[in-house]
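> Residues or ranges marked as compositional bias 'Polar residues' in TrEMBL: 15-34. Annotation source TrEMBL lists compositional bias 'Basic and acidic residues' at 78-92. What TrEMBL lists as domain 'Amino acid permease/ SLC12A' is 109-282, 397-682. Per TrEMBL, transmembrane segment is recorded for 240-257, 264-283, 403-423, 443-469, 489-507, 543-561, 567-589, 601-627. What TrEMBL lists as domain 'SLC12A transporter C-terminal' is 696-813, 829-957, 1037-1104. According to TrEMBL, the feature compositional bias 'Low complexity' maps to 981-1004.
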Amino acid sequence: MMNNMTDCEEGEGGPNSQGDGNPKESSPFINSSMAMDEKSQQYDGKNMALFEEEMDTSPMVSSLLSTLANYSNLPTGSKEHEEAENNEEGARPSKKPVKAPQLGTLMGVYLPCIQNIFGVILFLRMTWMVGIGGVLGSFIIVFMCCSTTMLTAISMSAIATNGVVPAGGSYYMISRSLGPEFGGAVGICFYLGTTFAGAMYILGCIEILLIYIVPQAAIFKIEGLEGPEAEEALLNNMRVYGTIVLSFMALVVFVGVKYVNKLALVFLACVILSILAVYAGVIKTAIEPPDFPVCLLGNRTLLSKGYDICAKVIEIDNDTVTTKLWRSFCDSEYLNATCDEYFNNNNVTEIQGIPGVTSGILAENLFGNYLEKGVVLEKRGVASDADVDSPVTNSNRYVLADMTSFFTLLVGIYFPSVTGIMAGSNRSGDLRDAQKSIPIGTIAAISTTSTVYISCVVLFGACIEGVVLRDKFGEGVSGNLVIGTLAWPSPWVIVFGSFFSTCGAGLQSLTGAPRLLQAISRDGIIPFLRIFGHGKANGEPTWALLLTASICEIGIIIASLDAVAPILSMFFLMCYMFVNLACALQTLLRTPNWRPRFKFYHWALSFLGMSLCLSLMFICSWFYAIFAMGIAGCIYKYIEFCGAEKEWGDGIRGISLSAARFALMRLEEGPPHTKNWRPQILVLVSVDAEQNVEQPRLLSLTNQLKAGKGLTIVGTSVQGTFLDNYTESQRADQSLRKLMETEKVKGFSQVVISSNLRDGTSHLIQVGGLGGLKHNTVMVSWPRNWKQHEYHQQFRNFIEVVRETTIASMALLVPKNISSYPSNGERFTEGHIDVWWVVHDGGMLMLLPFLLRQHKVWRKCKMRIFTVAQMDDNSIQMKKDLMIFLYHLRIDAEVEVVEMHDSDISAYTYEKTLIMEQRSQILKQMHLTKNEMEREIQSITDSSRGSIRRKNPSTLRPQHSAEEGTSVAEKPEEEVQLIHSKNTSTPTNPTSATSPAAPTGGAAKGKTLLVATPEAGKDHFNMKPEWENLNQTDLRRMHTAMRLNEVITKKSKEAKLVLLNMPGPPKNRVGDENYMEFLEVLTEGLNRVLLVRGGGREVITIYS
């Protein structure tokens, strides 16, 4: 059904490849090789000094226009194939210049479309369709199918005139309009349709040969066989001869496509001559109907080979002599023989098979007459004496229906006769003006063929007897081709004309299909097909031809024209459906590049055409339709899975942009409901001097949290200015993308250039995301070595991130010891994820373990939830309430309530608080050098510890190590705090989450410590650091941190992950170091800790 499809695209890395390795058409625009070669000539000696700086990127307008004027997009068409083959005969000193395409509308589009549309169905099945479906039913079928192709042609014309369309026809148009996934899927469907079309034409050719031209050439003899045996013998003959003809045609195509092209006009002449002979025959019937008698017994049609004279007996010399017909139904030739009951009760009549256009037979053929397989063909309106209940005897003497017929079957068989509308667009590279010729030629060809088809439906019904129309193989008219009985001057005109036209169409299919496959293969979108992009030195697709012949053989093995036709109908209908879809999408999206020269199109027409195609697919055969769509779907997902990296400016990308814009506008209508809340994570990472990510495990953890399917932005900042450091930012962005691909994190990367890293991080938090699709959660790693002076700015930046997320009402996740977190390839076969629910944070602590356990790394870990009870709380009731709460949340977890009793502050707590305050005061009051500062801090620490040992130990209480905890007070403010007990006044400084740090050394749990006031510190610094003068707020917080740490360490020492509330930083910046120390103490001795700080809203709900 395709005419000499050729492709113009070079292989990857070929002369027309541009940078990205994607095969593309040659471009006359910026950065093309031709423009680069002539830079010096463009600017030298011109008054263009003002634009000299841009000469590497911007050609002069005169050069551009000259290049456009000489631009040709010639494919490797038949002329080039001929030249390549001729060049093989001997070396030539100089290459012959390629001529510009010269084909006009008539020779380049109209006639090829006519040749491809008119085909085997018109000659072999059209009359049968009119007889079975009736004139009205056949008219509906023809009108539906022709309307579908006309609407598709309108859409195709719009696409084909929207810029230069190289050869490749519908595949090129669909792939460049709908993207590589749809392009590859529909391209393969179009290829399979074209290949099966070749099989259908070959089967039609063999049917004409064995039934109408030389029946005696049959290898499996049909004579004497009846019923299924005769049918099987016919199919076997089709298989054998079909394979022989297929091999011969493939050899012709392999030897050279030039022979096929030279014979194309001969085949076209055969088609036109045959159709003219039919019209001439119709006119002849009005004047003198031809003599094609049909013999009826009662109302049943008799086989012409079963009688010599259409009579039971004849008079010869006054003697009554029985005929061959008598002997067929009686047990002897004598008049007293026992005969078939129906034969005895009914008379034999002879009618004209072609009564003529003026006979009024149209009224009888107006309505359909669908038959079951094996039913005798009967003439309407003729009396018949038959017992309805008795079975038909001697059925082999009648013309029988060879298959069960119904309306949808007729649609599937007929539709291939309207395909072939792409022949003009397939030759676009050979056309002088493709944008003018393709619409005019294609629409004119469809109009012509539609007129012929519709007129044939009416004329066949008006000229030919109904029983002859329903006689598929002409068994009642002496084995003549039914449409041939109508032709003038002889039936042989149609027989030989249809034979050669089917041969030509088969050759065209075997020529076009391999080139289509070669074009798909060279695009590289389907990896396993790349081998079929190779061929002979002249570009002939040898491997693709071999595959095409192999697939075509499948159709030959099916052997039935009526069974193959619906298969290729599916593939062509799917192809046409996507052509209409491409035009509709481009029209509705109104992309700036959508400017077709063909103006007579509308999106509604395209949608109507698409709907018709889809409807016809299921009308023809619902299971074939599902099978074809399944093939296309599998190819689509395969291309998507392999990662189609082609960028062709397709309409699907336009849909994505429009849908994204619409969705973003909807998200702006308000914050998401709690049921729709999911962590949209901004991951803040740092890069080294080589722009490589320093904490890759952050992305592993992000991937493990992505069961929420939310947004992920991986951001970093580069220090400097945009003009000076743009290259570094690009390298950092590539590094982020590469790591995201490695860790399988689906999201976006964002790099900000700022004068300092603190501002850069702040900018990322403020402006990350777009519209309503913004991050609501920030993940940042705990600053390592924060106690060392050179890392002080790092932990201050960290605390600012905590403050900014609090102000912005964002959740904060701080993994501590991130290097110890599992990679995506690891698996925990057992263990626990422990949640320490100290204060309510909106449900983040409940949601995060659930998301983690959806990932295969954490799937086998069990979830435990610990909460803290105060002195006055009923811990038993708390546990019951918590279990009910978790049940309503649909979360499976073990529950434990930890009771923490009031206790005095231990000496060790005083010492830790004292040292912490002394360090802060030293750094504030002494402006020393770095080394001096470190020495003074160390001396203060040493003197404090020495002082503790010298003091009286009897005044101190031992530190408790029993299972205890601090009480919890929930504040109505956003910043909830940990407090010592309900009897202690609540500190005013808020608590919040921070990031992990290296654990600090401390005394073992349960060790009794002796503490005294550090006199040395008091004397040296003129300060009063006695215990009674310590900051009581800091003291209580240190006590809370230590008591909580004791309990958490005891319960969750072996847990795979510990999640706990992160207290907030102080509102003033004086106590930043103290805040970091509190968090160090809180998480001391734990391997993997995820500090969580809620965003000030509920993120989990018990409601459906």
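Start at 1 and count along the chain as shown; that gives each residue its number.
Every residue gets a Cβ built from N, Cα and C, even glycine.
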> Is it the case that the transmembrane segment (403-423) and the transmembrane segment (489-507) touch, counting contact as three or more CB pairs under 8 Å in which the residues of each pair are 6 or more positions apart?
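Per Cβ check, the transmembrane segment (403-423) does not touch the transmembrane segment (489-507).
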> Please list the DSSP helix, strand and coil residue counts for the domain 'SLC12A transporter C-terminal' (1037-1104).
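Split into helix, strand and coil, the domain 'SLC12A transporter C-terminal' (1037-1104) gives 30 helix, 11 strand, 27 coil.
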> Determine which recorded stretch among 240-257, 264-283, 443-469, 567-589, 601-627 has the most C-beta pairs below 8 angstroms with the transmembrane segment (489-507).
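That would be 264-283.
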> I'm a bit unsure how to read this: which one of 240-257, 264-283, 443-469, 543-561, 601-627 has the highest number of Cβ pairs shorter than 8 Å with the transmembrane segment (567-589)?
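Checked against 240-257, 264-283, 443-469, 543-561, 601-627; highest Cβ contact count belongs to 601-627.
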> Looking only at the domain 'SLC12A transporter C-terminal' (696-813), how are its residues distributed among DSSP helix, strand and coil?
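The domain 'SLC12A transporter C-terminal' (696-813) comes out at 62 helix, 24 strand, 32 coil.
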